[in-house]
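Over in TrEMBL, the protein carries these features:
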- 139-158: transmembrane segment (TRANSMEM)
- 189-205: transmembrane segment (TRANSMEM)
- 217-247: transmembrane segment (TRANSMEM)
- 259-282: transmembrane segment (TRANSMEM)
- 326-344: transmembrane segment (TRANSMEM)
- 351-371: transmembrane segment (TRANSMEM)
- 377-395: transmembrane segment (TRANSMEM)
- 407-425: transmembrane segment (TRANSMEM)
- 488-509: transmembrane segment (TRANSMEM)
Amino acid sequence: MTRLIIKTKDHKIFLLILLISFSVYSFTSHGHRATPDEYFPFVQADQIVNNMPAQDNIPPEVRLFIQNHGYWNGTASICKNGILCSETPIGHAISYMPFLIIEKNFHIIPSYGFSTNDFNDSFYVWWRNSETHEETFTYLFYGPVIASLSVAVFYLICRTYEYSQKTSAIVSFVYAFASIEWAYSTTAFSNVESVLLILTAFLFYRRFKKNYSAINLFFMGLSLGFGVTVRYDMGIFVAILVGYVIYDIMRTSNKLKNITSFAIPLAFFAIILELVSIVRFGHGFLAGAVEGSVYGFAYATGVVIGHSTPIQVGIFGLLFSPGAGIFVFSPILFSAFISLFDFYKKNREDCIFILSYFAALLIFFGTWFHWHGFIAWSARYMLTIIPFLIIPLGASIQKRINIPFRLFVIITSIVGSFFSFAWLIQDVTWFVWGQMGGTKGLFGLDPIGKYPLHLDPSVFWTFQNSQLTQSIILEFSGLQADLYLLKILGPILTSIVLSIILIPSLLYLKLLIKEEIIPLDKESNT
């Protein structure tokens, strides 16, 4: 009976965390894309939903992306199917489709015309007004939905460890608002969805370790399999976790049943990848991957464009560079240097898993010349490791009751939230970076293209030209607020709506976690 009560409260807390995170994320969402990486999946999803070939009726024999506002990928395969004419991972495009369908059928987005009263750049105003309602709705809610689900799943993962409901909720909100997850909640990058699928798979892995139920393996396989269709480099996580899963399966009595339950969904999505690739390009996914990997490796390591990144430089940049380092943009991560030791004492295997995945990401992306993720906020390729570096914080919060440690957590959390808000409150990609090849913004530091992609090294290696510094300066000296719902509803109505949602939710959450609850792990052992 006690266990049932605990589970019921966990479900309620899960929903409250989901509601609170989604509400904040939605009201700090831009409602527009920031890069072509978000636009290409939308085009693919739009073609599927509307059952029409590539934009402007260009024959499918042309190379990909030529139709997409001048973007060009000279290495792309030749299309065999006009509707699927894209190199966007099919899973990412499919994830956009529910949002397009909802707006297409229910017309939720109102007609609102931006003007120079909203933004002082007339060309930017024209661009914002040129977006379709389907685009606006998708970019407005895709990130908040996916990111808030990630935070809620993160809470359930914390509960699989010996963390109380209070500690788990605190750590979840730290992850939600003190790390770069908040900044990325307004984007539609595939990295955001990768986080959700990785956390979901890890949750089922944790549950499998508790009860060795084959159903957990099945859902884990679904999460991992679909994840690879969303972002191919998720294979790094899959490879490491599969090793752990096989090791655990070998310790069970129902080896065949467990292996089958895990392998079937993985095989299903592997077949999907092959079939989609054949329909798109006329060859299987693996054949295309081999061909593409040759170019991809050369491109990533700088062979093609004549620039490479020494691995030690890339790794240091991913971690500590002023313009992209995850520890700079999310200072709460410094707590990992303490919390991993506390976490290791009771969770050695998981601690080793976290460090292994962390090292694999650093090595893989640290050799890329674009390790920084181009103009994304911080190092977006490291987004999937962020929750795993924060999970151990729960162990330290429950162990260390001294004021200095808690003060450190509070201060770094506030600073991290402030940093993310500098991205959320304005369109950094436009007003801070400017236009590639232009003379304004950070791109203006290299208008002639002396460096690859017009990225002057000082934007990553100096605090003076860091996008973080420049965003904070612009926030206080020339802010052009870019919160879509705030523009539509106005500040008064926005405050009222948020208050109606957040105040009762937070009060009810406080009521639920007021009494110390026995963690699920302890209860299951009594």
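Glycine residues also receive a Cβ, built from the backbone N, Cα and C atoms like all the rest.
Bear in mind that TrEMBL entries carry predicted annotations, made automatically and left uncurated.
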Most Cβ pairs under 8 Å with the transmembrane segment (326-344), selected from 139-158, 189-205, 217-247, 351-371, 407-425: 407-425
Ranked first among 139-158, 259-282, 488-509 for CB pairs under 8 angstroms with the transmembrane segment (377-395): 139-158
Non-local residues, at least 6 beyond the ends, that sit with Cβ under 8 Å of the transmembrane segment (217-247): 89-92, 94-95, 190-191, 193-194, 197-198, 200-202, 204-205, 208, 258, 261-266, 268-270, 272-273, 289, 349, 353, 356-357, 360-361, 364, 381, 384
When counting Cβ pairs under 8 Å to the transmembrane segment (189-205), the leader among 139-158, 351-371, 407-425, 488-509: 139-158
Same-chain residue ranges lying at least 6 outside the transmembrane segment (407-425) that approach it to Cβ under 8 Å: 28, 30, 174, 177-180, 182-183, 186, 329-332, 334-335, 377, 393, 397, 468, 471-472, 475, 479, 481-483
